[in-house]
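Working notes, beginning with the structure itself.
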Amino acid sequence: MGEDEQREEMAIVSSPSNSHKMDLHHHVVALEVDVPETLHQVGTDSWFQVGVVLSTGINSAYALGYAGTIMVPLGWTGGVIGLVLSTLISLYASTLMAKIHEYGGKRHIRYRDLAGFMYGRTAYVIVWACQYANLFLINIGFIILGGQALKAFYLLFKDDDRMKLAYFIAIAGLACILFAIAVPTLSSLRIWLAISSLFSLIYLTIVFVLALKDGINAPPRDYSIPGSKINRLFTTVGAAANLVFVFNTGMIPEIQATVRAPVVDNMLKALYFQFSLGSVPVHAVTYIGYWAYGSSSSSYLLNNVSGPVWVKALANITAFLQAIIALHIFASPTYEYLDTKYGIKGSAIAVRNLAFRGLVRGGYLALTAFLSALLPFLGDFMSLTGAISSIPLTFILPNHMYIIAMKKNLSSLQRSWHLLNVVFFSVMAAAALVAAFRLIAVDSKTYHAFADL
């Protein structure tokens, strides 16, 4: 390397605006990886922070529902085997996605960018629509959960019918809007991730302890799978989609975009953290909840547990607050797109930026809250999300993309294995979609709009 080249590289390194680019180098003389334009931060976070982000998603208040939405329709054998297999398969698929983050000498910070780079414009649009549908449905679920937690908190102190679930969902939506205005980007969460982890630890520990106490003191439970044969068939398929939903975000490239170099190695560390230590709480609460309450386990375990009012109140309010933080993670790709499209940069507390976040993010979350209140069927939305987007984004596309990216390095057996995964999960997604729409249709006949569940 000549003296002029050395001075040029030193100038790049010393420039504050370009310092993050050097994080993209695995070695000093390595080929620079192109970074797409974005107004959010790229390459700034440690693997541990990213691992906490991933773990926050799987240990959200959603974890309080898996005893009812997975274990009840699958039973002990199907539920335990399904959750363990889902953990392992999800880790495998996520590592495939992480390994092709820099495919073609370009850092793919958005899922749709990677799809467009590999398949073309049509795939870019389809994946974009699929991913945002996925994130939108997940956020509907978070607002429903927030509303349920607030309602459960309210009923501990005032058991009446004056406050309906829809009112609590509206309050949860408003809280999410305020948080979205205050926290501009995914990387800005930082201290909020520690607070979120504390909240998760509080409500998961309380549920575990109270459910254990109830299970020890309760008579024998009924663990039979409820419903007729045809209903059990559809609920089983729906529960399989829920299994995919448990551990997957559908936004691995967007989360990986925030991690420091070496990008692939650090993302793999974050994934190993998520699927080892990070997955222990969700497994523990799901199994102990089903053991304690059997087929009567609800989609929100805090409705099952018995114990001191103040303890249950603490669990419900921390579940509500954690749902707000977790929603922000899954809404961040939408926020990044809007901020970049409309050139929102500079100080996060500038009047223009605050007004933009209030208007645009507020409008998005207001629509999300309205639909949450309109059809508050949490288990059904989990199944629909798994079918429409979680399965394609988590299993189908990563396997096919990996074949394209690594085609020169794959044996015929390895290629056949990945193609088998593509076919199997495509069939599973189609079956889960039919089951999810049937469940929503049945519940829509049973419950009216803005139902007070």
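Going from the start of the chain as shown, residues are counted 1 onward.
The backbone N, Cα and C atoms fix where each Cβ goes, glycine too.
Annotation source TrEMBL lists domain 'Amino acid transporter transmembrane' at 44-436.
Annotation source TrEMBL lists transmembrane segment at 80-101 (among others).
Per TrEMBL, transmembrane segment is recorded for 122-145 (among others). Note on the transmembrane segment (122-145): residues 60-62, 64-65, 111-113, 115-116, 169, 172-173, 176, 250-251, 300, 319, 323-324, 326-327, 330-331, 333-334, 365, 368-369, 371-372, 376, 378, 381-382, 384-385, 388-390, 392-393, 397 of its chain, located 6 or more positions outside it, place their CB under 8 angstroms from a CB of the stretch.
Per TrEMBL, transmembrane segment is recorded for 165-184 (among others).
Residues or ranges marked as transmembrane segment by TrEMBL: 191-212 (among others). Sequence-distant contacts of the transmembrane segment (191-212) (same chain, six or more residues past either end, CB-CB distance under 8 Å): 49, 52-53, 55-56, 59-61, 63-64, 183, 281, 284-285, 288-289, 291-293, 301-302, 304-307, 311-312, 314-316, 318-319, 321-322, 325-326, 328.
TrEMBL lists 232-250 (among others) with the feature transmembrane segment.
Residues 47-48, 51-52, 54-55, 58-59, 63-64, 66-68, 70-72, 76, 79-80, 83, 87, 90-91, 94-95, 98, 200-201, 204, 207-208, 211-212, 214-215, 218, 221, 223, 246-247, 301, 304 of the same chain lie 6+ residues outside the transmembrane segment (271-293) yet bring a C-beta within less than 8 angstroms of a C-beta in it. Residues or ranges marked as transmembrane segment by TrEMBL: 271-293 (among others).
The transmembrane segment annotation in TrEMBL covers 313-338 (among others).
Look at TrEMBL and you will find 359-378 (among others) tagged as transmembrane segment.
Annotation source TrEMBL lists transmembrane segment at 384-405 (among others). Long-range contacts of the transmembrane segment (384-405) within its own chain (CB-CB distance under 8 A, at least 6 residues past either end) are made by residues 89-90, 93-94, 96-97, 99-100, 103, 111, 114-115, 118, 127, 130-131, 133-134, 137-138, 141, 240-245, 248, 250, 415, 418-419, 421-422, 425-426, 428-430, 432-433, 435-437, 440.
Marked as transmembrane segment by TrEMBL: 417-440 (among others).
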- Note on the structure: Same-chain residues at least 6 beyond the ends of the transmembrane segment (165-184) with CB under 8 Å of its CB atoms are 142-144, 146-148, 150-151, 154, 192, 320, 323-325, 327-328, 331, 335, 339, 348, 353-354, 357-358, 361-362, 365-366, 368-370, 372-373, 376, 450-453
